[in-house]
Ligand SMILES: O=P(O)(O)OC[C@H]1O[C@@H](O)[C@H](O)[C@@H](O)[C@@H]1O
């Protein structure tokens with residue numbers, strides 16, 4: 001039995017505290033006698049425990065309502081079974097590609113990817129009928145607050161019970177081939193500040209006068225294309241800003257950045273495009 005030199009795996013490590021292959025090959029002790037060579041990539045060095053896969057879960061959950069909406073639109077317009085199947089086929093193929101790529105770069109073991117895919121699809125299925133439409137802005141603000149407080153409470157409770165939730169960050173930093181590949185955005189609290197910011201931003205955007213104006217006017221296909229291009233450019237620029245090096249400042253910056261995202265995408269850019277195209281349009285002829 002190959003148990004000599006194996007790392008002590010404490011009980012709290014086992015429950016939802018998966019290992020990443022890029023550090024497991026070194027830490028497990030299985031390869032002490034014949035050290036394994038692992039090839040890493042700039043996106044390998046995730047700092048979370050990796051179970052289930054966050055990429056698969058988020059992608060699966062976020063694309064589910066889009067897949068359902070597209071399927072119902074196609075069903076209204078086409079009688080072909082193949083056409084009706086297209087959205088679910090595209091959904092499954094895309095998720096399969098995401099899952100395989102996570103395994104290929106040694107960010108995950110296959111069971112973690114499978115867990116992420118199932119959890120994502122389940123989340124999408126359960127939450128799609130409950131999309132919060134026409135909720136007051138306080139609903140979004142309180143959701144952001146509940147996310148921040150809830151996660152902090154769990155974090156500090158576990159810390160006080162002696163469970164160090166940053167163990168995976170230490171392992172990632174230890175075994176990542178290059179220190180610059182350990183991205184600050186992969187830290188668990190980065191995801192939290194991002195999601196809380198996005199929830200608040202969505203509330204602000206949906207209750208803004210810009211959004212109300214865009215909703216009344218309804219954008220044409222060319223205007224929508226212009227919005228898409230402009231949004232991609234602006235979000236790209238925001239990403240180019242980089243991050244503050246200090247961790248607490250980074251969390252605040254990340255929160256504000258992702259509060260701005262939905263405001264740009266949902267309200268500000270469409271309003272700007274609408275205002276510009278109204279100015280450009282020739283005045284209507286009087287009879
Ligand atoms: O578990 P995975 O697939 O490596 O994904 C990790 C990612 O999971 C996401 O849920 C987080 O929002 C990211 O911050 C994190 O980097």
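Every residue, even glycine, has its Cβ placed from backbone N, Cα and C.
According to TrEMBL, the protein has these features:
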- 17-129: domain 'Phosphatidic acid phosphatase type 2/haloperoxidase' (DOMAIN)
- 85-105: transmembrane segment (TRANSMEM)
- 111-127: transmembrane segment (TRANSMEM)
- 139-158: transmembrane segment (TRANSMEM)
- 221-238: transmembrane segment (TRANSMEM)
- 258-278: transmembrane segment (TRANSMEM)
Residue counts (helix, strand, coil, in that order) that DSSP gives for the domain 'Phosphatidic acid phosphatase type 2/haloperoxidase' (17-129)
75 helix, 0 strand, 38 coil
Spatial neighbours of the transmembrane segment (258-278) not adjacent in sequence (6+ beyond its ends, CB under 8 Å) are 193-195, 197-198, 200-202, 204-206, 208, 210-211, 213-214, 217, 219, 223, 226-227, 230-231, 234-235, 238
